[in-house]
Amino acid sequence: MNIVVLGPGAVGSLWALHLHSAGHQVALWSRQAQPTITLQLDEEAPISFRNQNLDTLIHADLLLITVKAWQVEAALQPLLPHLNRETILLFMHNGMGAVEAISESLTHFPVLFATTTHGALKATLNQVSHTGFGQTQVGPFNALGARCDFIADVFNHALAPVTWNPEIQQALWRKLAVNCAINPLTAIHQCANGALVAPEFTPIITAILDEVTAVMQAEAISGEAEALRDGVYQVIQATAANLSSMHQDVFHRRPTEIDFITGYVVRKGEQHGIATPVNSALYQQIKTLEQSWSKA
């Protein structure tokens, strides 16, 4: 397949390299304006990819979108007029709501979501480390996307295991619950994920997930608070030494994805008349931090 990766950060670069190794024609669309970008995965041989090449966009069978949620609209909208209407759009990012916000622009395209537990890190612009093996689920956002289940096989051949999940919203909400519990707390307290096992965090994690569960159920997504809590603590223990993406964003004073994580739950709660005081307070704390940097 002809594949373009929009936003080759750590995860996007990981997939670009594995899809290239699986025999696909892969190009990048990065903020960097140079015509080629070289990436190296761990100790493997470096690979050069075409970058910001309009011809690769016009002939793309698949556009893999791995920018951060708050970057989706600005990064994708200028590219849409150059895409064939049969080009599959596959979104792989933290949080929810970014695709909904631009859904009217996407009605003619097959649209897919993916969620992955692979860990990746870019120490430099060109060096990619695969820091943790995981699994990936792919599923449809719209009816055209529902016809594209073969993409799971394409990705599975590149970096297994990958499964097709026709109920991808369930998986996205479960990951959102994990992010709602871990990201704002680790960002505010500037701690590693593992610190959240401390007893003083138990009440707030419980309250966060109770609110998320209520909103999920109003959205007709099945979920039990206890099961979500078990999932959160599994992730905390499995990633104990890790610094969450929001922790890093706050540390480096970068925009966070709070609007598409905690903010998404708060907005959906408002739509359904469900109070989310704990998530709302965390949302405001992160937004206040972001605003303080812009004034500094």
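Yeah, the Cβs are placed from backbone N, Cα and C, and that goes for glycine too.
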Looking at the NADP(+) binding annotation from Swiss-Prot, with Gly7, Pro8, Gly9, Ala10, Val11, Gly12, Ala120, Glu257 already listed, which candidate in Asn94, Asn142, Asn156, Asn279 is the matching residue? Asn94
Determine which of Asn165, Asn193 appears in Swiss-Prot for the same substrate site as Asn94, Asn179, Asn183, Ser245. Asn193
Hey, how far is Asn179 (substrate binding site) from Asn94 (NADP(+) binding site), Cα to Cα, in Å? 8
Cα-Cα separation of Val11 (NADP(+) binding site) and Lys175 (active site, proton donor), in Å? 16
By CA-CA distance, flag whichever of Gly7, Gly9, Asn183, Asn193, Glu257 among the binding-site residues is nearest to Lys175 (active site, proton donor). Asn183
Euclidean distance between Cα atoms of Asn183 (substrate binding site) and Asn94 (NADP(+) binding site), Å: 11
Measuring Cα to Cα, how many angstrom lie between Asn193 (substrate binding site) and Glu257 (NADP(+) binding site)? 17
